[in-house]
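Right, one structure below, let's go through it.
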Amino acid sequence: MKGIVLALLLALAGSERTHIEPVFSESKISVYNYEAVILNGFPESGLSRAGIKINCKVEISAYAQRSYFLKIQSPEIKEYNGVWPKDPFTRSSKLTQALAEQLTKPARFEYSNGRVGDIFVADDVSDTVANIYRGILNLLQVTIKKSQDVYDLQESSVGGICHTRYVIQEDKRGDQIRIIKSTDFNNCQDKVSKTIGLELAEFCHSCKQLNRVIQGAATYTYKLKGRDQGTVIMEVTARQVLQVTPFAERHGAATMESRQVLAWVGSKSGQLTPPQIQLKNRGNLHYQFASELHQMPIHLMKTKSPEAQAVEVLQHLVQDTQQHIREDAPAKFLQLVQLLRASNFENLQALWKQFAQRTQYRRCLLDALPMAGTVDCLKFIKQLIHNEELTTQEAAVLITFAMRSARPGQRNFQISADLVQDSKVQKYSTVHKAAILAYGTMVRRYCDQLSSCPEHALEPLHELAAEAANKGHYEDIALALKALGNAGQPESIKRIQKFLPGFSSSADQLPVRIQTDAVMALRNIAKEDPRKVQEILLQIFMDRDVRTEVRMMACLALFETRPGLATVTAIANVAARESKTNLQLASFTFSQMKALSKSSVPHLEPLAAACSVALKILNPSLDNLGYRYSKVMRVDTFKYNLMAGAAAKVFIMNSANTMFPVFILAKFREYTSLVENDDIEIGIRGEGIEEFLRKQNIQFANFPMRKKISQIVKSLLGFKGLPSQVPLISGYIKLFGQEIAFTELNKEVIQNTIQALNQPAERHTMIRNVLNKLLNGVVGQYARRWMTWEYRHIIPTTVGLPAELSLYQSAIVHAAVNSDVKVKPTPSGDFSAAQLLESQIQLNGEVKPSVLVHTVATMGINSPLFQAGIEFHGKVHAHLPAKFTAFLDMKDRNFKIETPPFQQENHLVEIRAQTFAFTRNIADLDSARKTLVVPRNNEQNILKKHFETTGRTSAEGASMMEDSSEMGPKKYSAEPGHHQYAPNINSYDACTKFSKAGVHLCIQCKTHNAASRRNTIFYQAVGEHDFKLTMKPAHTEGAIEKLQLEITAGPKAASKIMGLVEVEGTEGEPMDETAVTKRLKMILGIDESRKDTNETALYRSKQKKKNKIHNRRLDAEVVEARKQQSSLSSSSSSSSSSSSSSSSSSSSSSSSSPSSSSSSSYSKRSKRREHNPHHQRESSSSSSQEQNKKRNLQENRKHGQKGMSSSSSSSSSSSSSSSSSSSSSSSSSSSSEENRPHKNRQHDNKQAKMQSNQHQQKKNKFSESSSSSSSSSSSEMWNKKKHHRNFYDLNFRRTARTKGTEHRGSRLSSSSESSSSSSESAYRHKAKFLGDKEPPVLVVTFKAVRNDNTKQGYQMVVYQEYHSSKQQIQAYVMDISKTRWAACFDAVVVNPHEAQASLKWGQNCQDYKINMKAETGNFGNQPALRVTANWPKIPSKWKSTGKVVGEYVPGAMYMMGFQGEYKRNSQRQVKLVFALSSPRTCDVVIRIPRLTVYYRALRLPVPIPVGHHAKENVLQTPTWNIFAEAPKLIMDSIQGECKVAQDQITTFNGVDLASALPENCYNVLAQDCSPEMKFMVLMRNSKESPNHKDINVKLGEYDIDMYYSADAFKMKINNLEVSEEHLPYKSFNYPTVEIKKKGNGVSLSASEYGIDSLDYDGLTFKFRPTIWMKGKTCGICGHNDDESEKELQMPDGSVAKDQMRFIHSWILPAESCSEGCNLKHTLVKLEKAIATDGAKAKCYSVQPVLRCAKGCSPVKTVEVSTGFHCLPSDVSLDLPEGQIRLEKSEDFSEKVEAHTACSCETSPCAA
């Protein structure tokens, strides 16, 4: 019963809404008032906005069933451009009049159940007006469900079919229904929008979860009331908000707000008169895009005569770039592009005919044509190319940009396809290449609009690839693959697989570069079908038969597909397996995973997490490999407040067989919250570069030894040599992921180019033309213009007008050049380009280069009739004019340039950014307005304002409301109250005067932004910003005629020292070096006789002054301590006595009671006072201190380490009674400070404490007096505390010095006072004037030539000593006027672990000084580098600046992630410690006078590889020998060295082989395995002396034997004995072979053959190949390819199972019986019984084993592992004589005996 009642109630409730759908009267005209407002700007008041307002009456009457007429009456349009809400709307009469004719025409629409159907409008009504109708009818769209009050649905509207929520409220008393409807435009099933310019961009879907650039929503409120005829819509109010922000949303956003009101006025009798014309169906409510797609939002132009307008703009552009670029030139160029878009084919032909022969106009027109992108423009470009009216370069550039800018429609696509097939395009390879690549891009853009790419679109590219493959044209194959990569369509995968190894048998025969191009072609396809591409790439990556470079490229492409965790783990598993056989691939994979795992970009978070997990599978020691192995380096950043980031990546692919990288790829990628793009990518491939760099054309195949070596290798087991390499250099460039150009240069092209440059220019047309243009001078102007960016996103507003977000950027580069060249001697008829390097060249030139970049971003309404919105303009203008005369003499290594002085002010760089509110309408273009968004008002600075009472402020607010009364405060006021804000204004001006050059360099900065409204980055960017870098002439005493800069290097550098010669007379003439040295010493004030005396006196005076200050501070400290003790009488007597006893016993216990590090903590300072036993010492005289120093220094010099101990004890005793020691120690070097005994460091702590302020002293005395501890308890506390020492308090231990440096190290690590003095003294002795023994290497002179002949300027003289063990450089900068000012720089590498530098300046370089030291060592247990800088004296301005900057250092360090503690560190000193905690992280400690900060595990952008040892798979400690050994280490790592000593062999890759060689048989130690076979080195044990080795070297025409006989060295060359008396020996023929005596043996070098050095002394052997032989050797010494894990490669390329098996594989059979080698390789049968599948079997070795010859028995044997293949026992196997390999699979491995020495019954020769 209850159910029946409930059902009846529900039925009754539903019946109440049976007729609530809105209807219109069938007999009357319904009249409504309609008002629509669109405002663009910022939500805060007081800022400018721009918008439009439409007022009208709307009449609706019935036409037929479910069909109504709509007519607009009395339309009125108003514009708003001003400060909101103060300024009023202004009536736009002309625009109203222009639109009234169309707006007042009736329209018909279908309407049923509250839903709007199709709309019918007259054909002559524009789409803009039709969309305004849609905006009105959109208010009538309402869907009412009878049984629900709250419901969601996807509803049709102007913006598409989007998610909508309804809430219905009924007012039964008033018979009204209120409906609230909200629409989310971010959640649409079918959204109406249009995006232009991002066809090639990658949209970031995951970023929308973090931030949305555009967000939009609308809300509607309906008031419905029941009438006799039904429910009537009484009022509809709508409000739409579009929020736009390029940054994070929390930083604010610009808004576009649409408000609509449709209010019922009443009804009137009658019906609307049906129109006489037929109405056209314009579709449903959805917005229809019209001509606004071709209308730029930054211009509004009438284009009735585009040809004439284009001519006018062209003339304007050309005239504006005659001398310099005018500010409006980029905007004019965009106007030209807009006019070309409006031009038809005939207009374009007329323009070309008019300007084709006028160079500057022609260039400008050709710059704009491809940017237009219309069908007519592309068609016209095709005609120009077909008619051959363009040069090859013009045609290639035009095609490249035209196809990328053309709208991807059907007609444009068809024209592009026809253009590619045009015979004139195919005629020129450059044009054809550009056309094919651009066509691939067009296919990509065209097919992105379709569900699948049609076959006919890809057919030209597929046919090109197939035809090129059939003909074997590798360059065309590469071109087709690159174009298919640009297209990026999955339909091309099968075509590309034909060129991928593992998918096609023919692909394995293709060059590696073709295979890698095929892999790279899959990268863009992966964006469409990542799963399929991942499958293909993973197969290639896992295939061991594929070349390593191709596998690395597959790995690169795989990670670009952003695989999941499963795929990443599979990749890591493969890399882990390959780490034993292919270190290049393993290193590349590991470094790529490591780099990705550290990425901070949110787009890559899932991939970074997957890589982090997968790295656990790999061996971390792979990160320890050096840069000889393939690497991936990545640096990225992402700022969430900007919602933008960037990543720079470099992929370095090395090869085991080459010295140089075979491929380098660098790319820069940008990330935004909307898209991500590869802005630029550059790839360079090099193959066989070593062959080309050798610069020789030696026919090694013609040498007799080449044939001999070829015969020998045939006897090796299945020998496989290296494939030949054809020298080739290729490169490509990509923009936004699309390849736009590539080139290939083979050896022939490069050699022909070099030959052409060295031959007479008359033989080569191109060289002759270039030289003629250069020598005859260049006069002209060059200008290029680009529209570098066009991005547009258009969405409809609820009003029916298009809202657009756009970004445009245009750039103009201009250069006016006027040059004249003179060459001495005058070029003759046989003059070549290379002779310019031996001539004297004078260049007189005047250039005026300038660049102007204009960026415009807009947000607002953009229609063909009117525009309104916000516009951001950013301009960067650089203008660098120069007039000069340059002299170049390469023979004398002299360069000089002269330029006149600056006569007028010149703005070098100008940057301006402005934000406007703009309105324009087509009916009245002159009324266009631009208003600054942040008004320029005269508001006072907030600091100068006065407090005012409330009454006045309220009055002002009332007046503001009255001014905006027209807006209707109830309907449209944005805020309840309006406040006035002063704009945020900042300015900065600074000028620097360069008096010597007579110029001022000024910087002017000014910003006027909206940060006072909301202090975020977005509001800081809104407003006006100006930056100017200006150069102005400065007043000087005498007029400057010209400025000169001269650089001279080499032997004639000394003759240019102006202080030594009279410029007018003897400049440039050679001078005696002694005179040069003496004169320069006098100029610099270097007088050896007075130097030590002056410095000693200066030191003593400073020391006395320090002692006086120190004594006064110590007395004050003692008095203060007594006061504190008397004030704290409550302390226990035991505490007092124990404190005093601690003080009295401090001298005896100082060595066991070191002070702890200082701390800002109160309690830590108290404990530190307890542990410092030296704080109450009394001082002694400074004279005693000085005597101790001198005595200690003398002892150190005489006795070395012995003197060290004596000086330490002496100085310790001295320091216990002298306060000056602590003063001295504060200025000691950083290296001694942390390594000296604890008691000396305690002196430093006391010194730092006594220099603290008075308030700090009181705190410390309180802590001291209130503590009680004995010296023993102090030591005990220290022992407990030292186990918890802070990281930054660890000691830096310098690297142990070699024997030669121990003496200096002992001095530096002695006591503090001795260390200070001896260090300074040592540095004075080391800083010898290099001019005493070396001429200057470089002289740089800058001078101003004045009309009064007064010298003015500077000169720098550089000396360098790099031949000695201590490399040193000295530079002196002198004022060439009569002043004594100079600056002196001295840098020296003291030892392999330490370098020092000093900079002194002032009068004779004696006023100011800065010292620096860099040294390596250990910080804790980590290898570290410490840099110390101290400044004994610096200018006062520097001090004041340092104090100001120092206040911000703690905060800045905190913001950068550093942690720290306030500590009293050494004054006037900064220390930086970089400790390597892993190859990719380091710990940083920075100590400045008042602060210690540190950063743990700071990530390095690239790994710092430490030593990798072949025998240990662990991280090796780096030597950090960076100062002297780095070049040698690099060369050693590249070159490699093979060593043989007794039975120990060390290969090129550093693998030790502890195996004896078989007796009496030659083994191939090393040979050239390239097809050239230039050399072979053989070795065997000596017959006569088993401890010695015999060496045989075959190369060129020489067969060289080296051996020991009767304990004497013997050598034969081509069987002719050469005694030691005839050494050194050098061949007369080329290539050269040289043999010279070295120690007890000889050294052979033949660099042209690939032998850098071969050293032999009978017992040991060392062989070092040349660099270019990297990876080209084989033999027992290995391949020299750094692949240590597969070092045991046998001649057939397989890897041996053990070392002995490996050595035996390289043994050579005897060529004759006299050699005594009785071993040979033989297949053996396994003796023991083997059963397979339960049946007996006999097994044979797959590979031969070394056995004695027939008739000989083994004397020595070893066990070797070999593989066996088994056969059934009843199967016979015939092994022919001499067969050395069984072509069967290996069933198992077993150890068998191999013979290494044999005994024969009869001599083989006798047989």
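Note: Cβ is positioned from N, Cα and C throughout, glycine not excepted.
Candidates considered were Cys1384, Cys1674, Cys1677; the recorded disulfide partner of Cys1538 in Swiss-Prot is Cys1677. Swiss-Prot lists region 'Disordered' at one of the ranges 667-688, 953-974, 1459-1480, namely 953-974. For the domain 'VWFD' (1536-1714), the model gives a mean pLDDT of 84.
In the three-state DSSP reading, Cys1538 (disulfide bond) counts as strand.
The most densely surrounded of the disulfide-bonded residues Cys1538, Cys1561, Cys1677, judged by C-beta neighbours within 10 angstroms, is Cys1677. When secondary structure is read from DSSP and collapsed to three states, Cys1561 (disulfide bond) falls in the coil class. Spacing of Cys1538 (disulfide bond) relative to Cys1561 (disulfide bond) is 20 Å (Cα to Cα, whole number). For the pair Cys1561 (disulfide bond) and Cys1677 (disulfide bond), the Cα-Cα distance reads 17 Å.
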